[in-house]
Amino acid sequence: MLQLAYGYKPRDPQDRFYTEVKLATRNIVEAAMQTNFLVNVFPVLSYIPDWFPGTGWKCIAREWKMQQERAKNEPYEWLKAHVASGTYQPSIVSSLLQDHKLLSGFSSLEQDKRLKEIGIVLFGAGTDTTGTFLINFVFSMITNPEVQTKAQEELDCVLGRGVLPKVLDQERLPYIRCLISEVFRLYPPLPLGKHDEYPMQIIKTTTTETMTSKKGRLCKSFILELGTRATIRAIGRDVRHYENPEVFNPDRFMNPEVQRPPVFGWGRRKCPGVYFAEVSVFIIVASMLATFTFSKKRDAGGHEIVPQVELERNSLITELKPFEFELKLRSEDHMQLIIEANPDTE
């Protein structure tokens with residue numbers, strides 16, 4: 001994601017830019033949880049003097065703010081220097097930095113401020129959510145081996161065993177797309193609330209825009225009743241519209257009448273990176289299924305270790321707790337495919 005945002009490729013997991021931006025992202029997630037800091041529940045506490053007992057959170061907030069400034073400034077200044085010298089790699093921020101028409105209405109300080117925010121938002125919104133989805137995908141494959149087999153059969157039949165999927169293959173691989181939708185439905189990266197808080201209705205329509213009426217709010221073919229709390233997790237688990245909602249079943253989405261939950265939000269606040277995210281997830285999932293097989297790990301006695309669904313608590317993101325599994329290449333030919341697709345990897 002740093003390469004996409006800044007054209008910067010981290011050297012290792014301890015890379016300074018990577019660790020700073022990663023830490024800033026985690027701090028933002030922690031700060032956003034109401035139960036982590038009492039001031040989130042009672043904003044009036046922000047006016048209490050720093051010396052007053054129980055205001056240690058103010059010190060934490062100052063430290064996190066300084067750390068966030070470093071995370072925004074350092075990679076951005078690095079990119080600006082490389083753009084000035086002509087040694088930069090193409091990236092989103094470098095393109096925006098050189099689009100003088102787009103930024104003509106802002107002062108130089110305001111331009112820098114906005115571009116710094118774009119860089120860290122790209123990283124923050126695209127790493128934890130995508131990483132969480134992939135963990136949930138692996139969990140779904142090892143607990144539903146028949147689904148994995150069916151997906152691999154589709155890949156082998158449509159593309160052949162010696163070919164990696166491309167973006168243009170999405171329409172040719174409907175089961176893979178249904179599998180991805182089912183992972184999103186059952187384990188949405190951003191659940192936005194508990195599953196029992198949200199009543200809703202569904203209507204037959206092709207409308208994907210958001211509109212408000214006296215009855216409610218229409219979002220991607222769902223009616224959100226006025227005055228209710230929109231909860232993505234609840235939409236995907238509503239028994240009126242998803243039969244056996246706790247069962248992982250990609251085939252449900254082979255029926256065009258079954259709506260896909262709006263996991264990327266709706267209206268003006270819909271995730272602006274939805275199309276990039278969908279393409280990225282498709283390529284990663286399809287490539288992993290084409291080359292690897294995921295299975296349960298076995299203990300010393302040869303018995304399968306069945307992982308349990310255990311969620312990390314107090315997090316905005318649906319994070320599964322660590323679990324063990326086995327990863328096997330489907331064949332030596334698939335190893336060659338991986339090497340050819342990543343020539344710069346040692």
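Including glycine, each Cβ sits where the backbone N, Cα and C put it.
In sequence order, ALA125, PHE264, GLY265, ALA277 constitute the residues six or more apart from CYS271 (heme binding site) in its chain with CB-CB distances below 8 Å. Per TrEMBL, heme binding site is recorded for CYS271.
Counting only same-chain residues 6+ beyond the ends of the transmembrane segment (274-294), those with a CB under 8 A from a CB of the stretch are 126, 129-130, 133-134, 137-138, 141-142, 148, 151-152, 155, 159, 163-167, 169-170, 173, 176-177, 179-180, 264, 325-330, 334-335, 337-338, 341. What TrEMBL lists as transmembrane segment is 274-294.
DSSP classifies CYS271 (heme binding site) as coil under the three-state reduction.
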